[in-house]
């Protein structure tokens, strides 16, 4: 067999596998595409069998979700989620940045032990501390208070952030920092002029991942909030109590509530693995 | 309680003979670390200690005056209660099935995406999307939009080929929960394994190819051994997240039809049944299970980590 024939065959095989990849990609995306399409259908068209692919499009599902049909408005829940996610992410940054500095650029003794202590807290399941937290919140009138969630989400994401930031800061060559110091730069200058520019993309990715985890959280929010501090996922679980058809409405709601996560996730795509594997995989 | 044997940083011995300025400097180095460390200990370790204490009490929140020390009674009850034992088994089944299935699917997808083909970036984006749907929304999507026996997409598509119209959630409740989780977690595994594939030594693979090794031989003897630790990492991190799963069980079956896992049972026993002591004992058992997994996980992460440090 000539080498050209071999190359041709391997190219054909490559194209075949590319097609398989495309098909699998579409299969995995299909539920989301169907959810998006259904969200633009009327309730009657959404609940047919066989499915009506070509039914006329309408924004009724979205109108219903935003309270046009007399249901509860989702805005308080969306705002609560935004507050809990953004505030906890800011707290995480304030706590994690100095900690990561003390674990990478000017490491303390036994810094690996400290790093693994942070990681081990991540492996403690949330349910383990749920009851005492509930009792504590009840006795201190913190139940149904969004700031309790902010504190808990901070603790949930801090280990991830410390690990990620550590791996980003560790990539900064010590020589650059030393050179700046020799040139007479003080610590604040070194931090803002040398460290920050290099670490900024990593800090941004870390923030987005912390935001996603906080936005998604259900168990704490479900147990520790009620009417006032209800977050978007809790709102979503309580959404399907009404009678009648609700498919288009649910699809619209799920899509709207997932939108921030999809946006943050795609923005952080390149660093997503590193964050999810707690910095173990680059 | 933590899974490591490591001591917190404060345990670093400071010799008293050292001049005060050196001690001061050591504290200055440590200072940036302390807020984060103290915060973590207070918010995550103290509640667990409280859980441990409560687990030794017979305590129903509806009868607060009847609270009394019960020793290991709650543990005995948890381990002998048929429902609770079942939930332990469900947790194991759910975790193992989801992790294995998503790991294998993730490996297939990672291998496919490791090759160059037209639109690879688009396919990668399509594949990541399921992981970026809010878990509750994903569970609702599967329950109502896909699984619904009357107008769900699955039965709708089956309708076209004249297939049966099963009631997915009633017939195979646990499998229904598992499938939705596999859909969400496969992208996670794929991303980790893809990173592993892309960190392979390409010269070595080229050399093997020149020497006449087949694709399968290269996969079996070069790729798989290299991927081993990435597979372990994916399996262990996946286990940690899925052992704790609450959203899917809560939304799809509300723990009914034998799908209640431990986190759901803990939630139910104190949130609905107000059995604080029992809930705590079950919580402690979840932690013990997690510590067993976590010990392995930490070993894997630390071996990857040490390699990283030694390479730097």
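Yeah, the Cβs are placed from backbone N, Cα and C, and that goes for glycine too.
According to TrEMBL, the transmembrane segment annotation covers B:33-57 (among others).
Taken from TrEMBL, the feature domain 'ABC transmembrane type-1' applies to B:88-297.
Sequence-remote contacts of a segment are chain residues at least 6 beyond its ends whose Cβ falls under 8 Å from one of its Cβ atoms, and for the transmembrane segment (B:88-113) they are 120, 123-124, 127, 174, 177-178, 181-182, 185-190, 192-194, 196-197, 219, 227, 231, 234-235, 238-239, 242-243, 245, 249, 258-263, 285-286, 289. As annotated by TrEMBL, transmembrane segment applies to B:88-113 (among others).
Marked as transmembrane segment by TrEMBL: B:125-142 (among others).
The transmembrane segment annotation in TrEMBL covers B:174-197 (among others).
As annotated by TrEMBL, transmembrane segment applies to B:230-257 (among others).
Sequence annotations record features per position, and here TrEMBL assigns transmembrane segment to B:277-301 (among others).
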* Stretch of maximal Cβ-Cβ contact with the transmembrane segment (B:230-257) [cut-off: under 8 Å; candidates B:125-142, B:174-197, B:277-301] -> B:174-197
* Asked: List, by number or range, the same-chain residues at least 6 past the transmembrane segment (B:277-301) whose CB is under 8 A from its CB atoms?
  -> 1, 3-4, 48, 51-52, 54-60, 70, 73-75, 77-78, 84, 87-88, 91, 229, 232-233, 236-237, 239-240, 243-244, 262-263, 265-266, 269-270
